[in-house]
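Q: Encoded as structure tokens, here's the structure I'll be asking about.
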Amino acid sequence: MSGEETDKVTPLRPKRPCPECGRPSARETYPFCSTRCKQVDLNRWLSGSYAIPVRDDEEDDGEEPSQ
Ligand SMILES: [Zn+2]
């Protein structure tokens with residue numbers, strides 16, 4: 001019997017490399033490898049497409065919340 005079990009390979013989830021450093025992602029911080037990389041990406045996201053204006057410097061002079 002040439003019993004190579006290559007036929008019974010269980011379909012594992014394709015591991016996504018960490019978008020930040022390219023390391024294998026961890027389950028807890030998927031798709032990142034660590035909390036740190038997750039934070040890095042989060043910060044980038046926040047400061048990029050979703051910039052939050054600083055409320056302290058905000059002047060209530062007819063502000064128009066633009067997207
Ligand atoms: Zn990483």
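Placed from the backbone N, Cα and C atoms, the Cβ positions cover glycine too.
Dumping what TrEMBL says about this protein:
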| type | residues | note |
| --- | --- | --- |
| BINDING | Cys18, Cys21, Cys33, Cys37 | Zn(2+) binding site |
| COMPBIAS | 1-10 | compositional bias 'Basic and acidic residues' |
| COMPBIAS | 56-67 | compositional bias 'Acidic residues' |
| REGION | 1-27 | region 'Disordered' |
| REGION | 48-67 | region 'Disordered' |
Q: So of Cys18, Cys21, Cys33, Cys37, which of the binding-site residues has the fewest other Cβ atoms within 10 Å around its own Cβ?
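A: Comparing Cβ neighbours within 10 Å for the binding-site residues Cys18, Cys21, Cys33, Cys37, Cys21 has the fewest.
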Q: Using the recorded Zn(2+) site (Cys18, Cys21, Cys33, Cys37) as reference, state which further residues of the same chain have their Cβ within 8 Å of the centre of those residues' Cβ atoms, listed in sequence order.
A: Pro17, Pro19, Glu20, Gly22, Arg23, Ser25, Phe32, Ser34, Arg36
